[in-house]
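Participant: Sharing the feature lines straight out of TrEMBL:
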type	residues	note
SIGNAL	1-23	signal peptide
COMPBIAS	32-44	compositional bias 'Polar residues'
REGION	32-56	region 'Disordered'
COMPBIAS	45-56	compositional bias 'Low complexity'
DOMAIN	139-476	domain 'Peptidase A1'
ACT_SITE	Asp157	active site
ACT_SITE	Asp361	active site
Amino acid sequence: MAVGIISSGLLSTLLLLLLSVSANSLSYQTLTPHSLPQPNKSPFTDSSDSQTLTSSNIENENENTISLDLHHLDTLAVTTNATAESLFKHRLLRDSIRVKTITSLAAVKGHANATRPGRSKADFSSSVISGLAQGSGEYFTRIGIGTPPRYAYMVLDTGSDIVWIQCAPCRRCYTQSDPIFDPSKSKTFGGVACGTPLCNHLDSPGCNQRKKCMYQVSYGDGSFTVGEFSTETLTFRKTKVNNIAFGCGHDNEGLFVGAAGLLGLGRGKLSFPNQAGRQFGSKFSYCLVDRSMSAKPSSLVFGNAAVSRVARFTPLLNNPKLDTFYYVGLTGVSVGGVRVPGISSSLFELDNSGNGGVIIDSGTSVTRLTRPAYVALRNAFLSGASHLKRGPNFSLFDACFDLSGKTEVKVPTVVMHFTGADVSLPASNYLIPVDSSGNFCFAFAGTSSGLSIIGNIQQQGFRVVYDLAGSRVGFTPRGCA
């Protein structure tokens, strides 16, 4: 009997030793905890023409490249009394609505595949501004519209194709931070006739009494824009892009957070990258700063200078039913340097009917993975982070930690394995503050949809390269420096 007791004790000791060795064999990195940023109540100031900003150091910059210093925006929206916590909750609410919109669109909508225009010389860039202080989870850029150019903030969105802005006269317009664009004061504004090929590129084109093409766009949160489909010149710094088809919205309503409109950066025929492809070689990139840690500049670059020589590329995949989104192949995820069992490429396959798959999206904040993949990832991270004190769940997050009083902690590494490209995430891209009291959460979530979405929190600090000409997406670590 004594021998049996000793054997049992030895077995328990061996099991504990094995678990300790297993945990110690994982790869860790340091996280420096920080709280949510407090809203900046001072108004953002910028010159009306956005020309006084100094140029940033973008790789391969030359005389054909125009670049700008970029700024973190705290005060685009009219809200001035919000707390950091309420803004973050609002951001997650908008994020949830966006994900529902994208997944429903992917489930029911069919499109023809986009064509890629040819290449040419010019490169240009513009400023990207984070809208976290408004709780929007979106990024904005300042663009000149018309001739002479009238500068305004526009939302950047890789999940949308149409370019649109609010236009006078307004039947219904939401509040924006700049004067509403008046097409009658532009020398280059032009209407699009009904029945033309350009008008027919719209999903559901309309026609008004003057035989002008009409557009309408609706969003999942109830926001919408309706007006005339038109053409206009857009100006990025001093670089002009002529004859861009866009929606001139006279009836607009919703949660557009102070921006004048939207610059669609999707893969469809009417997106800005495809319309202006001949001018910049069908290439663009952005680098998004960590919005809760720093006001360092973010940037958006079009042209050959957008492509970093040290980027890790993965091929773009085509969805036969939907040409808007940027689909990529995700083959697995590692935690602590170990591939997570149960996460394989089969969970992320894009089938011949256009279902499933993984997209890269600039407008979604939190990465969503199919439920089985998320559960396996979460459990692997919790196992590797068992030395950290657990905190209460928060909103959509169910793996949270109390890091109050900590100046630094060790967390398991997380690597996303795309086809041909392993992307190692900084700790602040997956363990994020959710309040000002030291609570942090694992910034992934599960979805019952077959579609997985790589959000902008996980993209922060990388220069994400969209090379439509080469049909690939690339990631450059520390690309915002």
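If you go along the chain as it appears here, the first residue is 1 and each next one adds 1.
Cβ coordinates come from backbone N, Cα and C, glycine included.
TrEMBL: automatically predicted annotations, no manual curation.
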Participant: For Asp361 (active site) and Asp157 (active site), what Cα-Cα distance in Å is obtained after rounding to a whole number?
Facilitator: 8
Participant: What is the total of other Cβ atoms whose distance to the Cβ of Asp157 (active site) is within 10 Å?
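Facilitator: So the Cβ neighbour count for Asp157 (active site) comes to 23.
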Participant: Report, as a single number, how many Cβ atoms besides its own are within 10 Å of the Cβ of Asp361 (active site).
Facilitator: 22
